[in-house]
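Asks: Below you'll find the structure I mean.
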Amino acid sequence: MILRRLLLAAGSLLLASAFTSAKKADGPKITVTKFKHEPVNLFYFDDSDVVMLQDGNNGDVYVSRNAGTKWDIVDVGEMKGQAWSLMPHPMDRTKAYVLGKGGKHWVTNDQAMTWREFTVDAELSPYQLPLVFHGKDSNRVMLQGIKCSGRDCVERTYYTTDGFQTLHLLMEKGRHCAWAVSTPMFGDGLDLPKEVNDRIFCVVSGLHSQWPEDNRLLYSDRFFKDDSGIEAGLDSGRAVSGVIRTASAKRHLLAATKSRRTNELALFVTDDASGWHRAEFDGQRIEEDAYTILESTNYSLQVDVVSTDSSAMGTLFTSNSNGTYFTRNIEHTNRNRQGLVDFEKIATIQGIILVNTVKNWEDVEKSSVVEKKIVSRISFDDGRTFQPLKAGKQDLHLHSVTDATNYGRVFSSPAPGLVMGVGNTGGHLKDYSDGDLYISDDAGINWKKALSDAHKYEFGDQGSVIVAVYDEGRTNKISYSFNHGKSWEKASLPLPDDVKIRAKILTTMPDSTSLKFVLVGSAKADSDVEHYVIAIDFAEMEERTCVDPDFEKWPARLNEKQEPDCLMGHKQFYRRRKADANCFIKKKFEDPIPNFEPCKCTEEDFECDFNFIRSEDGKSCVPARSLLAPEGACKNPDDKYTGSSGFRLIPGDACIKKGGLELDKPIERVCSDTMKTPAAGEIAVEKTFFTADNYRDYFYLERTGSSRGDDETVIMITSEQEIFISRDHGKRWKRIFEAETITRIEPHRYFNDVAYFLTNSGEGWYTLDRGENFREFKAPLPPNQDKLPALSFHPDRRDWLIWTGAEECNGSGGQCHSVAYYTTNRGAEWHFLMRYVRRCEFIKRDARGSSDKIVFCEQYEDENPSSKHLQLISSEDWFAEKKVHYNNILDFATMQEFIIVAIRGEKPQDSLSVGVSIDGKTFADAELPANVKIPIQRAYTVLESRTHAAFLHVTVNNLEDHEYGSLIKSNSNGTSYVLSLSAVNRNSRGYADFEKMQGLEGVAMANVVANVDDVEKGAAKKYRTMITHNDGAEWTLLAPPGKDSEGRAYGCSTKGGKPTKACALHLHSYTERVDPRDTYSSPGAVGIMIGTGNVGEYLTPKSSADTFITRDAGISWEEAKKGKYQWEYGDSGSIIVLVPESTPTKTLLYSLDEGRSWKEYQFSEVEMQIRDISTVPSDTSRNFLLWGNEVGQGKKPGLATVNIDFSGLKERSKQCVLNEEKPEADDYYLWEPKHPLQPNGCLFGHRAKYHRKRPEKDCYNGREIQHLDSIGDICECTRSDYECDYNYEPQTDGTCARVPGLEPLDPKLVCTEDPKAIEWYEPTGYRRIPLTKCQGGKQLNHIIAHPCPNKEEEFEKKHPRLRGIGLFFAIVIPIGLAAAVGYYVYQHWDGKFGRIRLGETGSGGFFDRDSPLISIPVTIVAGIVAVATALPLLVSSLWRSLGGYIRVPGSGSSRQPYSSRGAFAARRGDYVGVVDDEDELLGTDDLEDDEEGEERNGQV
């Protein structure tokens, strides 16, 4: 009977209880409990009969104190119905947690006897594990949550050190945090500092960026209380950006990093939370989501790395003891797309591993649709060798982790030597339903069939009892065995009539010492599903307890001679119950204890020492790099010294050296093996000639920070269509694709390692590893004939491509058009996308929805190319459905933050407008500034948009050789544009003279046409160069050097060192470059720029140019050399090379001190005409490549490349030391960029510090360093943090005034566009620069506030009015203070102005204080001064009480004095200025004349 009265009494969903079998002696006691909803999160408290589970539907939690026989609902406080998750503490058998909804949670410290509630002001994070546990102190836990306000969410991490009695905020915006001591074994055997116990590592976003590639790993030993954390020195003590997450594995802590423009990962490992090392995987590439950290040993890490594109197979690696060098164990391991690997270590026994591998791996590598044939393998020597599983003479194959059907381990348990699995014999593994249950009681050496069909199984009483339940369908029986599976009995489950269950879980206590089991299953009852929790107890079936004769000494491992085998220096034995013993062990909660016998040391007890790796044959350890000789040794190369043998005993290995091998005994080594002696100072040169006269193009496939290897790959296509590749930066070249006609090379736009080589037929090749290997692919059509790229690349998915090919273009009479196809596996399979397109592009996923499949296409309207109407359409499902955004566009551009569309107008037909989107779904018309005078908008150039604002060049004059336009800048969503700079030069191809400085945000240079009026009349253009340091809000001329490189003064003069129209530095820009890659700046050389130009009123022809350099981001310049040079940066700016431009030469100039001094070097015996100088795009290499032809006497024909290698130079032969904790202690200093018009050193509202090598230090930077060290003080807002708002324009004094006759944007729109908005502000003419981080100070864009409709209550709470007594004092106190000050001044007038008396002491003088001519005016004046000082507060208070709100930025009144003559002249009737007494925000102090004001603000 179902005891329904229990339901009514308990008020729970517990619907049934206690069906008990009648038999006791010949069958187990079975109790059934029925639940309405599926039980989830079931677990035992270790070493107890206490079991817990959670109702999977209604949030209730249940506990059983008798191993599942009876269940009670946990009804504590408000817990009932509120459980979101239930989990045990993984390392404390007394603790568990109920994580609730709404920030309420509960903890037990006594195995669910009592519960304590704690609250958190955040919801649980859906992105991270909610709880993070300390490995050795169970009271230390971190909780990872998320706090949302509307759509804005901030991740929060909390911590407790007292088991949630108190809870503290650790940090906000932490993406993932972990304790340094994350496992019980971490640090064992090491003398770790005490602070490591408190150490926490957190992955946080970059200082200037939210992109994952800029993530940093910070740590703190003080819970981030007194510091913002120290950046972990992962790579030789240097910080590494792009940290994805951390993970722990027994004795090791790991951090995975990924650089921008690659999907290759670097894995860094530490065993002490201080010293990190990069893990080397024997040449194997590790990619994102392509490795799995497996259950590791106490002395090594085991990692499975994906080895195929489809993630179907991997390679198993095992590390040395410190986790730095990994060796291959077995290839072609079976894995699935979720990262699960068919791998399990046999519990409690060292060295035995079960894996599944793919037998037909060659076929699987060729095609992802081939079905894998899986075979099982076992290792008895810790993965060194593997062999088949044997059931008799047949090979046995078992289902493993990738298709596990039960909780916990798949094959083994703490029961010594007992291993079970579902599988089959034969050539390979079949379906699960075709499998039978097999068992081994000798740890996998021999197997036999236990039961037919697939079963779930579990071990109890240290293996004395084995329980199995049918797992191919429904059942009402269980099977059990008392003799290691030799024979089996069945027991019926006391379920209601005709009820059978499908087994979901079969489990017992974690140590497998109990005679009690729990089975969870479900059964269908009409349309409902019923759930049962079944307790199975064997305790009463066998009364006898085992004694000594019932046990055997069982060896855990046997060698090939069936003798006990050694591992880690000992043999392992267990005292195990004999299979046929008629007894139970009955030692509940006592884990089996192994016994060890020591062995003599063999080769297997040693590993490679630090800085050594296994030789190719695996028999010896060879140096991984040049060895370091002991101090005082190796005075001569032929000397010898005593050093490491290359081996060391594996830490923890207990072998006996006496009488065994001693591979770690020091040996005598020759000094020639040691680190090379200091370089002799030579620069190496390698010249290569080609038959072609010139190169058509070249590309670098550059390694990133997380890439393995040391190659510097260059690919060149010559003027004769020949393809050459060099892996060592042009020292040696190899021709590739000799038999093919490659017509174009398309490097992947987003991944450095990838390039495609295309032909006109549609056949092609690609490389994924920077030219190390090439693979063929076949496109569905030949490339399109629209002179557009055939390939479009996905920003995040390396293998996703769109191919735009030509159809019906072979002269067959059809209508030639382009058709787009897509692939998600690099062309192995192509799928139709759209017909009659011009081009299609993937859209970057970040901030633009959750779909990776967003594609934008330009398609001819009605699929009719003759209409010339291009539609902009998009889709998120490969155009199963599509959305039309615009019907008649000219083009569109996808940028990092915006999608910008040029839309054809209807009247007139050749006009254009602009549409903008930030999410790829919703477009808005761009509001262009009315003060940009454009008769017809005919051309736009979309410029860089990495600073949360888009820059557009809008053509004003489109006549050939007279082109120029306006540079306009958007707000943060790209829709509202303001004029940034007028008359910016462009050429006939649409390129503009505008360039942003690399490595430093907000600095840009542009060339303007200085004689616009004359150009409109047909005159030639004259140019000036302008620079901005606040992202286009203000522009100035370049300050010229005081003297030239020869110490002579220039023929013009500045005003106080400031440039004037008649005397400034002007540089040749983008439109004059042969190669647009030759930029002023470098991402690696922060703050340095080089250009060619002249000092004077205008830019002169390039033939008369000299070369100039700046080291402070353009604030000051100096002449580097007379004449025009090509330049290139190397080693992040520690090497700068100059080569004459357009002049034959044998020599080059180089500088090792940022251009302060130069040395000449001859690189050729014959003069050469150098066409270009190049290096890797990041400018981190010490190699350069010259491209040119010999032209002097003795010349050789053809193109020549010259590799210039500075790595052997003495001054660049030692790597610089960068200590993240003390960044200025060694070879680096911290450089702070500044704004030229800001005395406080602030730039974009903060002070940033960048690592820069000290120029005087003789060392090299090496791989790309993380230049940005920190963001220091956040500055108060000043005028430099604002730009003119829409329909406002800058005046000569720096203020912003409304354009006559135009209205500002409707400020109330914020209320409709943002549902969370409480208030709107009246327009002031100013808006914040999107890039600024300033806080407080001058809020020029927020002066007078008004409530949004229906938000008056929230507005009132934010800005409470003064009422009653508050209002009274606000009025009376200022007046009283004024009177008091006036009276005081009157009383003390005699002492004012330091009056000097010349012997007369009498009073009554004309100017005596008692004179009515003095006393009355003094009192009046003093009172006016005091009242004038206090009245702004009074007026502000009264105004607020009337409903508005005025934020007074300074101590001035609402109507301010004029700051200059220019401001007085410019003020309009509707303009209100805001000026602070201490800092004139809207103008310049004491400008000499209006011209200087113009120059300062860029209005020329």
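Glycine is treated like the rest: Cβ placed from N, Cα and C.
Below, the features straight out of Swiss-Prot:
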CARBOHYD  Asn298  N-linked glycosylation site
CARBOHYD  Asn322  N-linked glycosylation site
CARBOHYD  Asn810  N-linked glycosylation site
CARBOHYD  Asn973  N-linked glycosylation site
REPEAT    378-387  repeat 'BNR 1'
REPEAT    724-734  repeat 'BNR 4'
SIGNAL    1-22  signal peptide
TRANSMEM  1365-1385  transmembrane segment
TRANSMEM  1413-1433  transmembrane segment
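Provide an account of the burial state, proximal residues and distances for the features listed.
Replies: DSSP classifies Asn298 (N-linked glycosylation site) as coil under the three-state reduction. If you take the C-beta of Asn298 (N-linked glycosylation site) and look for same-chain residues 6 or more apart in sequence within under 8 angstroms, you find Met185, Lys250, Arg251, Gly652.
Note on Asn322 (N-linked glycosylation site): other Cβ atoms within 10 Å of its Cβ, all shown chains, come to 21.
The DSSP secondary structure for Asn810 (N-linked glycosylation site) is coil.
Asn973 (N-linked glycosylation site) carries neither a helix nor a strand DSSP state and counts as coil.
Counted with DSSP, the repeat 'BNR 1' (378-387) comes out as 0 helix, 3 strand, 7 coil.
For the repeat 'BNR 4' (724-734), the list of distant contacts is 686, 688, 690, 711-718, 770-772, 1175-1176, 1181, 1183, 1185, 1201-1203, 1205: same-chain residues at least six beyond its ends, Cβ to Cβ under 8 Å.
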Asks: Under an 8 Å Cβ to Cβ limit, what residues of the same chain, 6 or more beyond the ends of the repeat 'BNR 1' (378-387), are close to it?
Replies: 297, 300, 302, 316, 318, 329-330, 350-355, 443-445, 557-559, 565, 567, 604
Asks: List nothing but the one residue from Asn810, Asn973 whose Cβ has the fewest other Cβ atoms within 10 Å; the candidates are the glycosylation sites.
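Replies: Asn810, out of the glycosylation sites Asn810, Asn973, has the fewest neighbouring Cβ atoms within 10 Å.
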Asks: Just the number: how many Å between the Cα atoms of Asn810 (N-linked glycosylation site) and Asn322 (N-linked glycosylation site)?
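Replies: Approximately 63 Å lies between the Cα of Asn810 (N-linked glycosylation site) and that of Asn322 (N-linked glycosylation site).
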Asks: If I take the alpha carbons of Asn973 (N-linked glycosylation site) and Asn322 (N-linked glycosylation site), what is the distance between them in whole Å?
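Replies: About 49 Å separate the Cα atoms of these two residues.
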Asks: DSSP-wise, what's the residue breakdown of the repeat 'BNR 4' (724-734) into helix, strand and coil?
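Replies: Residue counts for the repeat 'BNR 4' (724-734) by secondary structure: 0 helix, 5 strand, 6 coil.
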Asks: Secondary structure at Asn322 (N-linked glycosylation site) (DSSP, helix/strand/coil)?
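Replies: The residue in question, Asn322 (N-linked glycosylation site), is coil (DSSP, three-state).
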